[in-house]
Structure formats: C-alpha cells, structure tokens
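Engineer: Sending over a structure as structure tokens; questions will come in a sec.
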Amino acid sequence: MFTNFFKKFKNFLWPEIYENNRINLFERSPFIKNFFYQRKNFAYLRTLGDIIFLILIILGLFGPQEKDRNIMLFLSWGVWWTSVILSWFFLGRMWCALCPFPGLARLLQNLKLSFFKNPPKFLKDKGIHLATFLFFLIIYLESTTSLTSSPRYTSFFLISIVLMAAFFGLLYREYAWCRYICPLGRITGVAATMALIEFRPDYRICKTCKEVLCKKGTPNIRPCPVYLGAVAVQNNLNCFICGHCLILCPHNSPAVYLRHPLKEIILNKGKGITCAYVIPFLIGSQLARFLMEKDFFHNWANTLAISPNILFTLLFFWFSMVIIVISKLAASFFRVIEDPILGKFNLTIAILIPFAFTGELIYRSKYFLENIGDFFPTLARQFRIEFFFKWGFTVPEKFIKLWSFSLLNLSLLGSLYLIFYFYYKDFEREIPFKRYLHFVGIVFALYLSYYVLIFISK
Ligand code: SF4
Ligand code: SF4
C-alpha cells in the first residue's frame, strides 16, 4: 500500500503527462460538488462580501482619518489584499467570483438598466494592455502617495473601481469589466496559472454536445459571466471557477480538479504578452518596493538630490528593464524559442513566474504581519472600546523573517523544478544541459537579490 501511495505521489510530483495527472474533486468529495452546485452558496458569500465592502467604504469616508484610528485601512490593504494574493495559489481566479467591485454593475443589469451590447473587438484586443497598465498604476500610487494611509483616499479608490465596473456593466452584457479591463482580475488570472485547482470540462463529452448551453445560457439562466462557458476553458487565465455553467451543462461535463501547481506554466512556457510584461514589471516593482522600505533608500535620494518618489520610479523601471533584457538574452542563448503548436515562448519568463507571485505574497503578508497586532488597539481607539486595548500584540520580527524566508525558498524550489522538468521531460534532454545553466544562474541571482533586499537591516 505504501509503495502504491509513493508511486502515485511520485507521479503527481514528477508526471510523464500533465493532462492526465489530476484529481477530480467532484468525484472525491460530495461536499465540494454540492458546494458548487448549490448556487445559493456563492450568492450568500457574494452578498456578505458586498456588505463588508460597503461598510469599509463608509468607514473610510466618514470615520476618523488618522491611520491608527480607522480599521478600514488594515482591513483593505492588509487583510483584503493579502487574502486575494493568498487565494491565487489555492483557488485560482475564484476571488473574482466573489468580488464586490462588479456589485453595482450586477444590480444595474438585474434592473435591466443596461444596453446589454456585446463587448467590441478593441476591448478584447486592447483591454489587456489597459488592465496591465492600471495594475502597475495602483502599485505605483500605493508606493508613492498617501493612498494606503488615508481612509478617505482608499474609499475613493474603491468607489472609482466600482464606478468603472458599473459603467462597463451599463454598456455591455455580463462582466466586460472583469474579463477585459479589471487590473486585479488580470493579475489574478495570470497568477492563477500557478493555482492548485482548475475548472475544466471533459472535452470528449463537449465534442459531442449540440446545445453548448454553458456558453449560450438558457432563457432563464444567464450565460457565463465572462463569455467563456466551460467548453472554452483551456487555462486559468479567465475562468472565475464560479461554477455558474455547471447548472447549464446537461451532460455533467465540467468539474473542479486538484492539479500540480506548475502544470500550466510548463504547458504555457511563458508564452503571451501578459506574461512577457507582467512578470518583469511585477518583479521590478517588488525589488523597488523592498528597497524603498530601507532607511538608506532615503539617504540615497538625499545624496542624489531627487525625491524618493523619483528614485522609486527610476529603480522600478531599471529593475523591470533588466529583467526584460535578461529574459530576451537568455531566450536567444537557449536558441529554442518557437514550437510548431505553441508558437513563440520564453522559458526565462516561465521560470521566473514563481518568484513574481511568491514575491508579491511575501510583500503583502509582511505588511499584514507587521500590522495585525495593532488591529484591536485601533478598533479600541476608533470605537472607544477600552477592553480591546489589552488584545494588542507584536508579531516577532524573527517570525516574519522566517515566514518570508520559507516563501522565498519555495519560489527557488519552484523555479529549479521548472528548469529540471524542462530539461528532463519536456525537451527530453535533447538540448544540452549547459544551455539551461544560464537559467540556473538567473534564478540564483534573483534569489540573492530578493534575499538581500528583504533581509538586510534597515
Ligand atoms: S460543458 Fe456541457 S454544455 Fe458546455 S459544451 Fe460541454 S457538454 Fe455542452
Ligand atoms: S466558464 Fe463556468 S466556471 Fe468559468 S467563469 Fe464561466 S461560468 Fe464561471
């Protein structure tokens, strides 16, 4: 029995073919299957999220404006952001199924206050660029303005996203904002390629399906909110794993699967414009953000006689450009950049993906751990409940470092795994290992950069 388990485990970790190596969670767990089929579960969760979101906005607009007297700041930037990022690894893009941002758009559409047009071609083609730009704009504003320390600005920021989503909901049917423009949705979709779960149909069943109701919907049930339907889901980029199309499919084709978290990166190999720019800019922004937290960063700015924001901007672009140039040079050195079926790909980008998304988790969870201890004292100050003052605590710095160090090592393992998998299995040792060595070099150089920036003292 033990040998059997070991074989299965080995095959899961180091599979021959990824496609067949996954566990159907609907078959294994009736609880999970019921949870997805009972649509009211998602409705309850979404309503709860909408209510909490509304309370946060009200607290930001009308509550105290001092950072240590309004819990909405920590709940928004510490709990909410960190949970979204943590969900990338376990739930893929499921966060989007519960997201409160399109709440107003949904309400307008339910009231039939929408033109219900089909999204135009330019949105489909160019939306991706706008979404990527908006995501980095948020990161930039977070680092260079008082957005994260002002409850009112935070509320304005949240309201502005709700209004933009509502505007798109007013013009187009379903969730055009979420599918094409939302900056959080876009980054969540790219990160979901590293998720432990996937929502997929059984393509053999779909081949024989005449109705394709998962895509079209029925007169009583709306179609997929992001214009896919299970039949069109081939990766985790756009599907919300909301399960809405389960009740549309008459053939029980779609299901949720547990899978190897690096499967999609291996299949995709860093292909696509989203990967090519999101990954370098995300890594570049993280290195600049970690650096900005140090005291000597401000000394540098003084020495150069420029403002810290300008220095941050320069470093952000510098680090991002370095990653882009290195990834292109490495690709040309590797020489294999095209596949007859897959098209052009970039292995360097694929190999750096674990660092990009785990780096974001390190950054956000560090903020969470540094501020969680002050949550109850802030609550006490805001609502004058003396009792809560006693519940204040400080998370030891050693623990935060250990947590960050563990995550960083996990990304290193993930990247090295990808290199060795590409060498042994994917390219079947046809390409000499010395050509992979520069990937190993890049990975260790990046590991060291993160290590130094995260762990050197202020
Ligand atoms: S998921 Fe169901 S409805 Fe959609 S194409 Fe496949 S079998 Fe048909
Ligand atoms: S394909 Fe199905 S699970 Fe995915 S977003 Fe559309 S309705 Fe939801």
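Every residue, even glycine, has its Cβ placed from backbone N, Cα and C.
Remember, TrEMBL labels are computer predictions, not curated facts.
According to TrEMBL, the record shows the following:
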- 43-62: transmembrane segment (TRANSMEM)
- 74-101: transmembrane segment (TRANSMEM)
- 122-141: transmembrane segment (TRANSMEM)
- 153-172: transmembrane segment (TRANSMEM)
- 229-259: domain '4Fe-4S ferredoxin-type' (DOMAIN)
- 272-291: transmembrane segment (TRANSMEM)
- 311-333: transmembrane segment (TRANSMEM)
- 345-363: transmembrane segment (TRANSMEM)
- 402-424: transmembrane segment (TRANSMEM)
- 436-456: transmembrane segment (TRANSMEM)
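Please situate the listed features within the shown structure.
Structural biologist: Remote same-chain residues near the domain '4Fe-4S ferredoxin-type' (229-259) are listed as 18, 21-27, 32, 36-37, 39, 42, 91-94, 96-97, 178-179, 189-190, 192-193, 195-202, 205-206, 209, 211-218, 221-223, 268, 274 (criterion: CB distance under 8 Å, separation of at least six residues from the stretch ends).
Remote same-chain residues near the transmembrane segment (272-291) are listed as 128, 132, 135-136, 139-140, 143, 186-187, 189-190, 237, 297, 312, 315-324, 327, 346, 349-350, 352-353, 355-357, 359-360, 363, 446, 449-450, 453-454 (criterion: CB distance under 8 Å, separation of at least six residues from the stretch ends).
Taking Cβ pairs closer than 8 Å, the transmembrane segment (311-333) reaches residues 140, 143-144, 276-277, 279-281, 283-285, 287-289, 291-292, 297, 300-301, 304, 346-349, 352, 435, 438-439, 442 in its own chain, all 6 or more past its ends.
Non-local neighbours of the transmembrane segment (436-456) in the same chain are 283, 286-287, 290-291, 294, 326, 330, 333-334, 347-348, 351-352, 355, 359, 362, 401, 404-405, 408, 411-412, 415-416, 419, 422-423; each lies 6+ residues outside the stretch with a CB under 8 Å from one of its CB atoms.
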Engineer: In terms of Cβ proximity under 8 Å, which residues at least six beyond the ends of the transmembrane segment (153-172) contact it?
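Structural biologist: Contacts of the transmembrane segment (153-172) (Cβ under 8 Å, skipping residues fewer than 6 from its ends): 53, 56-61, 72-73, 76-77, 100-106, 108-109, 113-119, 123, 138, 141, 145-147, 178, 181-182.
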